[in-house]
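One structure is given below, encoded as structure tokens.
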Amino acid sequence: MCFFLTDKEDLKKEKKVVCGYPISIFFIVVNEFCERFSYYGMRAVLVLYFKYFLQWDDDLATSIYHTFVALCYLTPILGAIVADSWLGKFKTIIYLSIVYAIGQVAMAVSAIHDITDSDRDGTPNNMTFHVVLSMVGLFLIALGTGGIKPCVAAFGGDQFDDHQEKQRRTFFSVFYLCINGGSLLSTIITPILRGQTCGIYSQQKCYALAFGVPAALMVVSLVVFIVGSGMYYKAKPEGNIMLSVCKCIGFAIKNRYRHRSKAYPKRKHWMDWAEEKYDRLLIAQIKMVLKVLFLYIPLPMFWTLFDQKGSRWTLQATTMDGNFGQLVIQPDQMQTFNPILILTLVPIMESVVYPLIKKCGFNFTPLKRMTVGMFLAALAFVCAGVVQLQIDKTLPIFPSTSESQLKLLNMGNNQLEVHLPNNFTVHLPPAQASEEYFTYKEQEVSISIGNPPVTETIPLVKGKRQTLLIPPTIREEWILCSKHLYCRFVNGLATDLNVSTAAVNFGIIEPLTSSNYSLLKNGKHTFSLKSGSQSCEYTIKFGFGSSYTIFIPSTFTFGPNCQESVTEVEEIKPNSVHMALQIPQYFLITAGEVMFSVTGLEFSYSQAPSNMKAVLQAGWLLTVAVGNFIVLIVAEIAKLPKKWAEFFLFASLLVAVCVIFSIMAYFYTYIDPTEIEAQFSQEKDEEDEDEKDKMRKTEEHVTKRGSVKSNDSDNAFKLSKM
């Protein structure tokens, strides 16, 4: 390894370089990897945290998720203005990274259920605390990650001298590799952490760990960046081009409004009204940028579909079977296919697909690529809709908000004849449950059992499933249980029963009562059943998405064959549609992203002046933000009852937008900004030369007149002397 020193005029001091690269960039690369791991890791499990921890419905979880993503793509504009006009890139990164880290820590704390779980049943009792803390954390994260987004890459580029162009290009390649690497690893690791169980009083899915590791990585990112502080070149703020562009556009609009009367002659372009105050070259550059920004108008619809892979598609995966033989995929791990496919498809597209299309004689322009990318994204949602139709055939029918459902469980040793409303009779075998749920619209139902009949009025909860535990002695208290998720035990013995497994301790269950529901991983689980000095082991295999009530009847006998006397009541059947069916939609959406996003940025940069790249970057990020806002508008306003219908709706909207964009692209004329700028520079040089010629002629004329006046005065003096 070779060490040597180099000079930088602006830095005015020597800095260490390792084989042509400033040491400072290694701190920046590590910082970016940790920050991207932190962001994508937290985001991977976010929608499931909303649904299962905060207990929000799918629509609310989707809306808040996309609101957060939209904010993450709005705040970069603010970060760029603050860095370029006030604090500088270094201080902006430091300050906003601190805000970012605080937000991640707040998210991790908000996911600790034991903080407010006063009754120790695994569910927070003060959900408001967790909701408020998580919302504050997400706002700080959006402010931090968005604010530093435009600064870190540019700050890394500042570390190189002008003669280090090759090293600078290599740095950016490694920089973006770190972004994809951090994204890939985090979407694999954090869902695994979420799948673990943790807790002080009760074991639940470990969202605190899934958020805690990204928080720790963000702190590491901040510390690494600060450690390299003494080695950085820190450019002073030089003003933000976006502010100049906005002021120029504002002046043009205001000036045009002042001269709206027909008495004033029209100008070729409305931006020409800014000529009274601003340079013609700046106005020409803004015209070029506005021409590209006009094409951005239909683009948000692509991001509306694309970013749903982290919300709607993840929620879809929760209703599917993730068992791939020896490998078990969590619902939020399906997002991993996106970065994997990006790293695979980008080189294939650039080195195989595009050259092959060119050889076939087809002019596959950037705008045509973007159109195809949008169409592929629409096809991806058609695939998602077809998959959802298959899932809907296997899902249980849950009660609507105006209905409730009831299941019966006979805890006794004799068959029961149960009389339900509408003269419906059910025969329940001993230690068995009814095969199905009974749906009612009434708030209360009367149920009669036995002869002479014992009648009870059972209160029902709208929109919920409940189970009625019928004791062996009919005249004893009937117990109504709700919250049908995961697994629980019902003790039909006359003595206390202790149930535990390696992951969960159900605790002591009193006679003729049930335990709380507990969350368990899919696969085989062995439970230890103890009553006094007696014990035995019971094994059951859980499928993805299944829910069970395990009934220990009064005839239960401890011993090696205790498994045979246990009654398993399947509340919800395991998911039967395999997650592999999501792979085609992930392939199509990623292929669309490669053709749309990568090509779109390349096209935008080729069509705008070099000093306007920041404006285009801001416009591009704005399309992502608007796209996410469209998702929450549709989710909250449309409220389509069927998910497949929503997928097809989004696909139809994108196809319609795709047609509009293709028409706009057809009439677009490609330009060369460098040539136009050179033309303006040449005209300016010619004007300067003309101005100099005029000045020179004026000076010569003045000099000539001065000499004539001098001769006249001399003659007058001579005459007066004579």
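Including glycine, each Cβ sits where the backbone N, Cα and C put it.
Record features (TrEMBL):
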TRANSMEM  66-87  transmembrane segment
TRANSMEM  93-115  transmembrane segment
TRANSMEM  127-148  transmembrane segment
TRANSMEM  174-194  transmembrane segment
TRANSMEM  206-233  transmembrane segment
TRANSMEM  288-306  transmembrane segment
TRANSMEM  337-357  transmembrane segment
TRANSMEM  369-391  transmembrane segment
TRANSMEM  614-635  transmembrane segment
TRANSMEM  647-668  transmembrane segment
REGION    680-722  region 'Disordered'
COMPBIAS  692-703  compositional bias 'Basic and acidic residues'
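Taking pairs at least six residues apart, the transmembrane segment (288-306) and the transmembrane segment (174-194) share fewer than three Cβ pairs below 8 Å and do not count as touching. Nonlocal intrachain contacts for the transmembrane segment (206-233), taken as residues 6+ away from its ends with a CB within less than 8 angstroms of a stretch CB, comprise 8, 10-11, 15-16, 22-24, 26-28, 30-32, 34-35, 37-39, 41-42, 45, 49, 53, 90, 93-94, 97-98, 100-101, 104-105, 107-113, 155, 158-159, 186, 189-191, 193-199.
The transmembrane segment (66-87) is not in contact with the transmembrane segment (369-391), judged by fewer than 3 CB-CB distances under 8 Å for residue pairs 6 or more apart in sequence.
Long-range contacts of the transmembrane segment (614-635) within the same chain: residues 59, 62-64, 66-67, 69-71, 73-74, 76-77, 80, 84, 149-150, 240-242, 245, 289, 292-293, 296, 299-304, 306-308, 311, 600-601, 604-605, 608, 646, 649-650, each at least 6 residues beyond the stretch ends and with a Cβ under 8 Å from a Cβ of the stretch.
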